[in-house]
Amino acid sequence: MKTDSTAVGMTVRGTVMHEGSPSTGPGILAQLWDKGWVRRAGLLILLCALWEWYATRLANPLMVPTFSATLQALVDAVRSGGLPARIVTSFKILLTGYGIGVLLALILAMAATMTRLGSDLLELCTSMFNPLPAIALLPLALLWFGLGNGSIIFVLIHAVLWPVALSAHGGFSAVNGTIRMVGRNYGLSGIRYAAVILIPAAFPSLLTGLRNGWAFAWRTLIAAELVFGVSSGSGGIGWFIYENKQQLEIPSVFAGLITVILIGIAVENLIFDRIERATVVKWGMKSSGGRNVKIRSAA
Amino acid sequence: MAAVADTPLLSVKGVTLRYRDQNGIVTATDKVEFQVSRGDRVVLLGPSGCGKSTLLKAVGGFLAPSEGNITLNGRQVAGPGPDRVMVFQEFDQLLPWKTVRENVAFGLLASRSLPKGEAHERALEAIRTVHLEQFADAYPHTLSGGMKQRVAIARCLAMKPEIILMDEPFAALDALSRRRMQDELLELWSEYQFTMLFVTHSIEEALLLGSRIVVMSPHPGRVEEIIEAEQLQAAAGAHPEIAERIRQVLFRDAPDYVI
């Protein structure tokens with residue numbers, strides 16, 4: 001069975017190799033084509049060109065502005081300082097909500113790992129609240145905390161808390177018995193045991209949880225800002241999009257959306273990937289399970 | 001002075017260990033009794049299921065005996081502590097997020113035995129004694145199985161514990177590395193004269209490493225025979241007749257096909 005599957009795998013890889021290195025030999029173009037980022041950059045340029053072509057043909061900037069107009073709007077918004085200020089506002093709120101959410105999640109997961117009742121509580125709460133989209137709590141949040149950052153932070157905490165607590169609890173429970181015994185052997189207990197043994201040992205799962213939590217928080221933040229950035233004088237990026245739509249500055253709406261995408265990518269690749277390389281990969285603890293969870297959250 | 005030398009370092013008296021699994025309560029050992037003096041290399045030898053590992057964990061303080069008591073230096077063992085350091089069979093006893101040096105220093109720091117600077121110095125010393133100084137800054141996942149076990153031994157030596165508890169530390173190694181590790185362990189012992197309680201199911205290993213051998217039988221674990229240092233020394237190196245005797249003790253009640 002096992003030999004069969006490896007044999008198939010090797011044949012498949014063999015075919016790919018043949019297609020990847022055409023009869024022309026390893027020319028510079030072929031070598032470039034073998035690099036993933038070159039192929040993706042090529043596709044991206046193609047998509048942007050299609051957009052430009054379609055928008056120009058449509059000639060209705062109120063519906064679909066051209067790519068170049070969007071780019072121009074983005075550059076203008078950055079230059080005028082309007083967009084950077086919005087980004088700062090968004091991040092302040094985001095980090096507050098994310099920070100509180102992660103902290104609560106760690107406490108909850110810790111309690112769930114140490115006590116049976118805590119584990120029941122976590123299971124009950126996550127099964128109840130995880131299916132509830134954070135944005136659905138917005139009306140209630142408005143009622144409780146009024147128009148303002150308090151409401152957004154409340155919704156963000158809800159978005160972050162449950163998925164992070166679940167990952168953290170999974171990670172803590174999966175810490176192997178030998179490492180636990182080693183920790184206790186050297187006299188660790190309580191908070192020190194958690195800080196020195198449990199958290200680093202569960203770090204691969206924790207990082208996956210933090211990633212998922214970030215993805216949920218970012219989407220929730222933009223959605224919440226779209227709904228009621230209206231009230232607060234200095235709105236975030238969501239409010240920037242909403243405001244420009246009201247003023248029919250459609251290229252700026254597109255620019256806002258591109259900003260949301262760019263920031264999302266930047267945080268994933270610059271921050272989380274870097275943390276992963278500096279920790280889990282360096283320690284040889286990278287689990288293949290992490291990737292799957294990440295894909296599911298992005299869907 | 002004489003009185004101190006006479007009282008055993010570790011004394012296991014009438015220890016019965018029970019634990020619960022999915023089929024109910026299992027009796028791992030039944031009224032086990034033996035003693036370890038300072039500088040002894042006592043081997044707990046027996047087939048799987050004789051409760052030798054469970055017994056070692058009880059000495060480590062990870063589970064409490066249902067009957068009898070375990071005392072170290074006359075004080076009852078009440079929980080895990082850095083005066084009894086365990087070396088496990090599993091390679092993942094090293095903390096993967098710490099380098100070799102940090103792993104060895106970890107024990108000293110976690111138990112608050114030494115301040116940071118001194119802990120790292122002593123860690124380096126211990127790493128040198130197991131010949132891994134070149135790998136002091138390597139992460140455990142880059143090491144071979146034998147090297148990982150050496151780091152674990154270094155971590156335990158650095159602690160200078162009252163007694164070292166070894167739970168089949170070489171069982172997961174290939175035959176060659178195992179042989180080398182056994183020799184190195186004996187070399188380390190002749191240099192530092194530490195007290196060690198070593199669990200194994202290999203008669204060969206027991207004869208090689210033990211200054212005393214506690215032979216145990218399974219279901220539930222009982223002490224069948226204790227082979228004293230004099231007998232082992234008298235046989236000097238080759239112990240075919242002792243090996244044969246142990247085999248007879250171990251397989252006395254076993255059906256033929258087991259052998």
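Quick reminder: no glycine exception, Cβ is built from N, Cα and C everywhere.
What you are looking at is a predicted structure, and each value in this text was computed from that prediction instead of being measured.
As written in TrEMBL, here are the features:
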type     : residues  : note
DOMAIN   : A:87-271  : domain 'ABC transmembrane type-1'
TRANSMEM : A:93-115  : transmembrane segment
TRANSMEM : A:127-145 : transmembrane segment
TRANSMEM : A:152-171 : transmembrane segment
TRANSMEM : A:191-210 : transmembrane segment
TRANSMEM : A:222-242 : transmembrane segment
TRANSMEM : A:254-272 : transmembrane segment
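Sequence-remote contacts of a segment are chain residues at least 6 beyond its ends whose Cβ falls under 8 Å from one of its Cβ atoms, and for the transmembrane segment (A:93-115) they are 121-123, 125, 149, 152-162, 164-166, 168-169, 171-173, 194, 198, 209-210, 213-214, 217-218, 221, 236.
The largest share of C-beta pairs under 8 angstroms with the transmembrane segment (A:127-145) comes from A:152-171, of the ranges A:152-171, A:191-210, A:254-272. Sequence-distant contacts of the transmembrane segment (A:254-272) (same chain, six or more residues past either end, CB-CB distance under 8 Å): 65, 70-71, 73-74, 77, 83, 87, 207, 210-211, 214-215, 218, 222, 237, 240-241, 244. Distant neighbours of the transmembrane segment (A:191-210): 102, 105, 110, 113, 163-168, 170-172, 174-176, 179-180, 182-184, 272, 275-276, 279-280, 283, 285-287, 289-290, 293-294; these residues of the same chain sit at least 6 beyond its ends, with a Cβ under 8 Å from one of its Cβ atoms.
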